Each structure stands twice: as structure tokens, then as C-alpha cells.
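One structure below.
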Amino acid sequence: MSKRKSPHDFLFREELGHGSYSTVYRVVERSSQHQYAIKICSKRHIIGENKVKYVTIEKNTLNLLGQANHPGIIKLYYTFHDQENLYFVMDLAPGGELLQLLRRQRVFSEAWARHYMCQLVDTVEYIHSMGVIHRDLKPENVLLDKEGRLMIADFGAAYTVGQSDAGSDGDKPATSFVGTAEYVSPELLLENKSYYSSDVWALGCMLYQFLQGTPPFRGQNEMETFEQIVNLDYTWRIPANPLAAGLVSKILVLDPSQRYTLEQIKKHKWFSGVDWNNKEKIWRGSWTIASESTPRPRVGYKSRELLDTPIKNIPVVTQRNKKPTKMNTTSSIVEWRKMLGLSGNDLGIKATLGGNGLPIAPFTPTSGITPDNRGDNAVAPAKTRDAFRPMSSRVISSPHSKPSGRPAALPLPLQTGTPSHNVVQQIVVNTPGRTETSSPYVSPTVPVRNAIWKQDWVQLHEIPYSAKYSGLTLAGFSQVSDTLIADLISHHANELRTLSRTGILSLDNTGYLSFIEQGRARPLSRIIDPDLSIYEYQLGHSTEDDFLILEKYKQSIWIVWPNKPTSASRRIPIKETWAQTLSKYKKQVSDEEELSAKLNRTCVSSWGSRTPSPTYPAEGKTRVAVQPQDIPLPSPAKSSSNSGVSEPISKIPPRQLVSASEQSHKAKSEAHTKKANSYSYIAPNDMVLSSSRYEVLRTASNNDSKSNGAAVSGASAAFRTLRVNK
């Protein structure tokens, strides 16, 4: 008998992905040098998030299904635990997720779609023969081995027939809400029940997705998606083989008793050339049937550093929820059923399950639902069911709905080459007793190689400002602080990832930060906006765990974190974090503006007839003529005896826009004017101007100031790094 495994028996390589309650790594067993995938579940997380049930179900189901070594089931080799984590050692899937392959290909050729459907049908047939309903079939839960063969994974939502949630009453179907919105069966929505036929429904959705590139039912939010499902509201955007479309129409049927069974699917004309008894041919690798239209994708791992560190140092509790959290769909289904007034068996449908996984009592269609009796070649049109139309006028729209996938391609940079200077028109400056026209002002330009400073895939969640909220919440905020930000992210990281949207964050050469989602760019703010503050929060030990927080004063907070791109080349630049890029940009703009200010500064001589040239603020601001007597001279800073660093002189508020005419009313008496004109005012060397409302002026200690007068950069809240050591 082999000894019990432990984390120290494996070398941890790169991270492969995240689930709703786990993190997966590629590992190498030290003794055999065999590669596996290891799923690590934080005990604290699964207990705190009530995931113990899902972890237990997955382990028991994999042990049950692993008895026959079916090629379509991911195999569980070892399970063990330590004080902090649970560990599942499983088959490695070098080909990644089927969803990733589909996104790269956009659509599958008919040959590939048929081949994958054969393997799915054969695997689901085996799963059902073992008395198991998967209940969350989707391309994201289907993995590929190195030869391109499918392996169904993620059995955390599975239900074993004969084992109710209470451990008895084996003749009842599953009655808990699980699954993903776009693949949820209508009987789960309308009856609160899942059958074997519910998995068949998901297969129909997947076949449609193979040929069209997207699921058949996808609304602006989950509520709208549910309405499309119960109305069979889907269309074919791309021409498809009528036989394949006809098969989909036989599977996507509202009545589960009228829906095609797996046996009927196998006998359909679209599979006429398939020998279902020839398992070797069915389970050959998909790369062997690659055609010119669907080239073989590259399989392999990006080279990463070996993680040969103690397991306790691996940040497994950092969840980014690449897969949607099931509880999110659950709450949406509950809300949707409440809106329709559905609960229990309101539709009068018996819940008794027969041996074939279908209800014993035939399903009686509700008003507006008719069985689909069309032929094989017919395509199901969109139906209208007035019985369930309350949703049409009460669809709940969520501005934070998470998109199902990334845009098809990364937008190209807006322009290339070094941008030219921006020349501002001449402006008229009104001064007491005289009017002058200033010379054209050339705004400082940040020297960049391309128009795009940085762009990368991110997840983004926006929190609007509202005085009705106390502090900082996911729904709104009225105040912000380091502590509030740290508490929100550390305690609500999973909710943030569920509510977030996937897109591209882009910073152009003009300093505008934009969020690009589904081909549409939305400007967020200019980096040098005085009302913008920037924070950085690191939840784990990797730069991939960094959260970027952008706060627009009394407007919005944007919480941003990386979403790993499929190719590192899509990052601009590749190695810089967002915090590093923004900090570099602000510093460069500040240096340029300081140099420009020195060049444009005009000293006022004793000639009283001459007016000073106006001082210009940053590009994009209203330019104001400022009299020298209006410029306050800083008082000497008092040095702290303890720290040796001077206290801030003052806190700079947001700049106010003041017209030249209003400024002229502030003119002092003639005596003060003459006195002001008798000397040249130059800003002291130790004054630090800020572009953030949180930045403050600091001066050097008395000793340093006397010795060299060097400027000391102020302590800025614009970039704070909050590191949580777990």
C-alpha cells in the first residue's frame, strides 16, 4: 500500500486557472515525474462560502464515475488535505478548455462539431448509466487532452439519482438551482426540477454554439436570457446544414418528455455515418481530423518559473472567478421565478422520475407551448408565449452584467507615430488698465513611441457615488479611504469578480484612460485630472493579484484587475503593471509641465507699465491671468523634531475655473501693485505642485533646506500599495 500523498510529493508549476471555489496548478510528481493537474481548495474559503457540499459532491461523483475508466471523464487519482487546503490530483488537460478552442476558431467546422458531439453523447450516456446528472454541462467544463480528446470535468453541481439532498427518496429528481444561465433548461426555470433530459438540453445548446460561435440564448442579463429560454427565442445567424439545425430543433424542446433522448440523437440523420460501436474511431484525437478551415491549435504551456516553494506560500485563496459562481445564477433564477409567481409545483407537474430520467407523468404544455412536430430538416423559429410575458415589461437590467466572453479581437492602436504638439489659440488677457494678447501656447507633449501607452485585458467593476450609502459598498459609495478599500476587496473579492465586466483597459498618449467592451470604447478619465485618485491593492503575492482602484471625486470608483490574455503579445507594454505605467505617465507629464512653466515664466521688472505674462495650468484647463500679488508666498515650514521632515504647507483643493474678468476684480490697491511690480517672483525650489486632489505640499527639513534647497516629493495618496500578507 502506497503512502499517503502530500503537497511535498509534487513540484508546482504554473497556474492553470480558477474555478468558483478552487485554483488549479500543473504539477509534476517527484517520484514518477508524471504530470498532473492539482485542484486546491482553501478550507477557509469553502466553509465561508458554503461550498463544502460542492466539494464533497465532486469527490464522490468522480470516484463513482472513475470505476470504468471512461475516456470522456477526467480521472481523480489522489485526494488529501492539510491544515489549510484540500487537494484533488487529476488528469492534466494540455489542450485547455473547449471554450478557449472555440473562441480561437470562432466556429467549428461541421466535421469537428460532429466529432465533438459524438464524444459528448458517448460520455453523457455513460454518466447517465451510472445514475448521475451533471447539471452544468457547457464548453467551459469540457477539457482537451494532448490529442484533442474531450474530458468532462467540474462535477460540483452533479446529482446522483437515488440520493436526494437529504439522502433519501431516490425516485425524485434534483430540486436545487444550479447551472449556468445560458445552458439552464426550461424545466429548471419553470418546475424547479432537473432530469437526465436537462443534460440533453445543454448538449443542444453546445451543438448550436459549435456551429454559430455563441450560445442560442444570450440576453443583456440573466433575466432576459431566462425569458429567451422559456420562449425558445433563438435564430440562426450563420447558415448551417439543415440536418444539424433540425437536430438542434429536436433537442431544444420545452417539454422534456418530447425532447430527443440520447438514443434518438444517435439515430439522427446527421450522425448517419457514425458507427457508435466503434469506440476507437469515436475517441480518436480531434487533431487527426483537422481541416484547412480548422487548423490544429497549438498545444503547450507558456514557459514560467518553477514553483518549488512550500505549499502554504501559494496564494490559493485569491479567487478571480474565471468561471461564473453558481450562486449568482441561483439567485437570478429565484428572482425570476418570484417575478412570475412560480414556486413548487405551481404548474401542476409531477416530480416523479422514471427509470429513463424523464417524468413518469407526461408533461402537459402550458398555454402557448406546443410540442414540436416538425421534420428533421425544420428549424425552430422563435416562439411567443404570452403566458410568460410579464418579463417583457419588467426585465431587470444590470449595468454590471458580466459578458460571456471577450471581444473577438484586440482593437488596433488608434494611431502610430509620435503625436504632434497641440497649439492652443491666442487668448486675451485682461489686466488693470491694459489688455494684452498672449502668444500661442504650446502644450507639453509626452514623448511616446506609439499612440497607445498601455492596453491589456482586464476585469472592471464600477461603483457610483451616492450620498445615501454609508462608506464604500459594491453598490455605491459616499467616502473612500485605504481601510475601506482594503476591507471591500478582501471581504468581497468573489462578488467583485461576479459583477465585473471583461474588456480592454487602454491608456493613450493624451492621457485618457478608456474601457473597451465589445468593440465600444468608453472614456473613464484623464490621468492628470485633479479629481482622480489612484490606488493599488495587492491581495496576493503575484502581480496578477493586483487591484487597481480609480476614484473620480464624487463620481465613480472603478476597480480593475488583470484578466490573463491568451497571448502575452496583446499587452502593451508586456512587463509593466498598470500602476507602474500610470505613475510613469504622471511623472513624465509633471516634468514636462514644470519645464514648460519655467520656459513660459516671465519676471516682472520695476517697469510699472509692463504686465506679466499669464501663467498657464495643465493642458485642457481654462487659462487664467494671475497677478503676482495674487500668488501667496509660502511661509517657512516648521520642521518636526521627531521625524526631521516638514509638515505639509497646505492641501491643494481641486483647481477652480476663474475667468479673467473675475480675476481683475481682485486687484489690490495701487500701492500694493507697485510693490508687487518691484520684484520678480519665482516659485521656491522646494514647492511641489500636484495633479491629484490628495497630493500635498511638503518641504525638506530645515537642515536639508538650508544646505541645498532640494525639492522633496510630497506624500501622495494617489499611489498607495496596500499589501495583505495572508
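Cβ coordinates come from backbone N, Cα and C, glycine included.
Keep in mind that this is a model prediction, so the values were computed, not measured.
Copied from Swiss-Prot, the annotated features are:
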type     : residues                                                             : note
ACT_SITE : Asp136                                                               : active site, proton acceptor
BINDING  : Leu16, Gly17, His18, Gly19, Ser20, Tyr21, Ser22, Thr23, Val24, Lys39 : ATP binding site
COMPBIAS : 663-673                                                              : compositional bias 'Basic and acidic residues'
DOMAIN   : 10-271                                                               : domain 'Protein kinase'
REGION   : 629-679                                                              : region 'Disordered'
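Counting only the Cα atoms, the space from His18 (ATP binding site) to Asp136 (active site, proton acceptor) is about 16 angstrom. Fewest Cβ neighbours within 10 Å among the recorded positions Ser22, Val24, Asp136: that distinction goes to Val24. The Cβ of Leu16 (ATP binding site) lies under 8 Å from the Cβ of Val24, Tyr25, Arg26, Ala37, each of which sits 6+ residues away along the same chain. If you measure from the Cα atom of Asp136 (active site, proton acceptor) to that of Ser22 (ATP binding site), you get 17 Å. A coil conformation is recorded for Ser22 (ATP binding site) in the three-state DSSP classification, outside any helix or strand. Here the domain 'Protein kinase' (10-271) returns a mean pLDDT of 91 for the predicted model.
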